[in-house]
Amino acid sequence: MDQNQHLNKTAEAQPSENKKTRYCNGLKMFLAALSLSFIAKTLGAIIMKSSIIHIERRFEISSSLVGFIDGSFEIGNLLVIVFVSYFGSKLHRPKLIGIGCFIMGIGGVLTALPHFFMGYYRYSKETNINSSENSTSTLSTCLINQILSLNRASPEIVGKGCLKESGSYMWIYVFMGNMLRGIGETPIVPLGLSYIDDFAKEGHSSLYLGILNAIAMIGPIIGFTLGSLFSKMYVDIGYVDLSTIRITPTDSRWVGAWWLNFLVSGLFSIISSIPFFFLPQTPNKPQKERKASLSLHVLETNDEKDQTANLTNQGKNITKNVTGFFQSFKSILTNPLYVMFVLLTLLQVSSYIGAFTYVFKYVEQQYGQPSSKANILLGVITIPIFASGMFLGGYIIKKFKLNTVGIAKFSCFTAVMSLSFYLLYFFILCENKSVAGLTMTYDGNNPVTSHRDVPLSYCNSDCNCDESQWEPVCGNNGITYISPCLAGCKSSSGNKKPIVFYNCSCLEVTGLQNRNYSAHLGECPRDDACTRKFYFFVAIQVLNLFFSALGGTSHVMLIVKIVQPELKSLALGFHSMVIRALGGILAPIYFGALIDTTCIKWSTNNCGTRGSCRTYNSTSFSRVYLGLSSMLRVSSLVLYIILIYAMKKKYQEKDINASENGSVMDEANLESLNKNKHFVPSAGADSETHC
């Protein structure tokens, strides 16, 4: 009798072990595929941010408009995110994520298409479309008592030039492609995280989330590396003779091969979509597999019938689902803790998004570093630190079994530390640029009070210069001049790089003693002290990003814990929608609009309209860029304090009682009942179906 009982137990244990193995393997396969999609998602995001400067210059648009283009990703996401979050959890989640990745890839390819339909990039008004004529002969020098119209085209030519002008409406294709990329990215986070939270073992979802976010940082590393590489390549590489291009990557008019970034990221997104189409809807064992035990076979048959009935009911009860959606939506909006947390994260994330969107422009204007160098430093150095912070944040929550209030305190602490390091940026600013007629007078002694009209000096008043031109030259006195003509230069040497100008009369008025009144093409570089400050900036950026990442996992965990278990997916989706709508869309726009106010020299295209900004007042730029971001962060900290106080009143007693009973609140917020009122064990109660 004992032997028969032992055989029966063994027979029952074997299918149980097989089920557990298949279940865990299914979840691990999903995690692997989701990791690939996270890499594709973050790669696309970094590619867009690192290409902002080049898109702005290539299409001759303002920072506020390029911020709007950047926000089109969030617009696309916003269009479908709530419905994907709610109804997507009832459908085949892996396949929906796969479709999203494919659409995201198509959007990336579409973003790059305008490059193939536009003419050659014209970095100067004097630069002809024929690349072979980009030589010093097209540079205007001081032509005393000669007519300026010699350099101007006829109205007919100007009209034709407007049709292919860089600042035309071709940027709309970039807008549409980025929006399509946002639509495709929508299912990845809410459906992926809810899938993990539903099927992971108790307490493991935070660890998995930390691992996912850490792996996702591979995308930014690749993105920054590609951004650095392609930023050094001229935009029309393969189409023009590069030896005739007289500007360098340090020039404010330089445009890199931004379109190659989007081709690479788009193709990678398409590839990442493939594994999801081969994954099951849930990590269950195949229904056709038979159980050894008769009782287990009966249970399995009942489960299959229940699943079939549920699928049938879902198809017939669309109206009921819509009603349930609005009831669920009302439930999360009447949750004061959830609403407060959404508001504070909106302020916090708006600061991050706005600052990161224009960080490359900030580095270029403040420290004189090209975007290619900023890309590689931010990618190679800071991103591994950021990934470590994400992983460590999830590990700390799991290791110390932080309750809801504990997670909120931990998140607030990381925000305080991040702000503390961010404020240090105010102490490592460089002096304002020295640009004659824009930031200082031509004698180099006094700052210019207004830059609405370029003030001329007696040293160039007879040169008949085009004041709208931007062809900067650096005098050997360390001052940048808007053009060789406005520097009073009479002659030049060299048809390619480097080009040197001589007999520059405006250098003489600065009191230069060596009587070598020459200038070379390009803006004057920053001094060594400013370069050292740039490396301090990178070091502080590492610490700032580490603490920002350390609290990243806690954001998701707080959302999961302060709403009902069945509303997790909707709460995550609505939170993401608000962040994207008011943070992702608006933050780049108002950051860009304020940055535009610090511009001191705008380009003018052939249509006579304003193009992109050529140079900024770096001091005003820093005040706007750092000040706005700091104010948003401080405001979020005030809400953090209020949130923690409210959480203590609501959760502290409950957490103490749970601790006394020897239990820990899991991500499903304790055990629940299924639709038929049968008891359904939590993640920790059934080790066979959770990993």
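Including glycine, each Cβ sits where the backbone N, Cα and C put it.
Per Swiss-Prot, the feature disulfide bond maps to C459-C489 (among others); the stated evidence is sequence analysis. Of all the Cβ atoms in the protein chains shown, 29 others lie within 10 Å of the Cβ of C489 (disulfide bond).
Annotation source Swiss-Prot lists disulfide bond at C465-C485 (among others). Secondary structure at C465 (disulfide bond), taken from DSSP and collapsed to helix, strand or coil, is coil. Around the Cβ of C465 (disulfide bond), a 10 Å sphere holds 23 further Cβ atoms from the protein chains shown.
Residues annotated as disulfide bond in Swiss-Prot: C474-C506 (among others). According to DSSP, C506 (disulfide bond) sits within a helical segment. Residues within less than 8 Å, Cβ to Cβ, of C506 (disulfide bond) and separated from it by at least 6 positions along the same chain comprise A436, Y442, S457, C459, N460, G475, Y481, L486, A487, G488.
According to Swiss-Prot, the domain 'Kazal-like' annotation covers 453-508, on the basis of sequence analysis.
The N-linked glycosylation site feature in Swiss-Prot is assigned to N130 (among others); the stated evidence is sequence analysis.
Feature annotation from Swiss-Prot assigns N-linked glycosylation site to N134 (among others).
Positions annotated as N-linked glycosylation site by Swiss-Prot: N432 (among others). Reduced to three states, the DSSP call for N432 (N-linked glycosylation site) is coil. Around N432 (N-linked glycosylation site), taking its Cβ as the centre, 19 other Cβ atoms fall within 10 Å, counting all chains.
For N503 (among others), the entry in Swiss-Prot reads N-linked glycosylation site.
On its own chain, N516 (N-linked glycosylation site) has N476 as residues at least 6 apart in sequence with a Cβ closer than 8 Å to its own Cβ. For N516 (among others), the entry in Swiss-Prot reads N-linked glycosylation site.
The secondary structure of N617 (N-linked glycosylation site), as reduced to three states from DSSP, is coil rather than helix or strand. With a 10 A radius on its CB, N617 (N-linked glycosylation site) counts 23 other CB atoms from all the protein chains. What Swiss-Prot records for N617 (among others) is N-linked glycosylation site, and it gives sequence analysis as the kind of evidence.
Taken from Swiss-Prot, the feature phosphoserine applies to S293 (among others).
Annotation source Swiss-Prot lists phosphoserine at S295 (among others), citing a large-scale study or a structure entry.
Look at Swiss-Prot and you will find S672 (among others) tagged as phosphoserine.
Summarising the annotation, Swiss-Prot assigns phosphoserine to S682 (among others) and lists a large-scale study or a structure entry as the type of evidence.
Summed and averaged per residue, pLDDT over the topological domain 'Cytoplasmic' (1-28) gives 54. Annotation comment: Swiss-Prot describes 1-28 (among others) as topological domain 'Cytoplasmic', evidence class sequence analysis.
When DSSP labels each residue, the topological domain 'Cytoplasmic' (89-94) comes out as 4 helix, 0 strand, 2 coil, counted as helix, strand and coil in that order. Taken from Swiss-Prot, the feature topological domain 'Cytoplasmic' covers 89-94 (among others), and the record attributes it to sequence analysis.
Between the transmembrane segment (374-397) and the transmembrane segment (95-119), fewer than three CB pairs separated by 6 or more residues in sequence fall under 8 Å, so the two stretches do not touch. In the topological domain 'Extracellular' (238-255), helix, strand and coil residues by DSSP number 3 helix, 0 strand, 15 coil. For the pair formed by N617 (N-linked glycosylation site) and N432 (N-linked glycosylation site), distance between Cα atoms is given as 7 Å, rounded to the nearest Å. The two recorded residues N432 (N-linked glycosylation site) and C489 (disulfide bond) have their Cα atoms spaced 25 Å from each other.
Against the transmembrane segment (95-119), stretch 29-48 shows more Cβ pairs under 8 Å than any other of 29-48, 68-88, 570-595. The recorded stretches the transmembrane segment (538-560) and the transmembrane segment (68-88) do not share 3+ CB pairs below 8 A when only pairs 6 or more apart in sequence are counted, and are therefore not in contact. Between the C-alpha atoms of C485 (disulfide bond) and N503 (N-linked glycosylation site), the distance comes to 11 Å.
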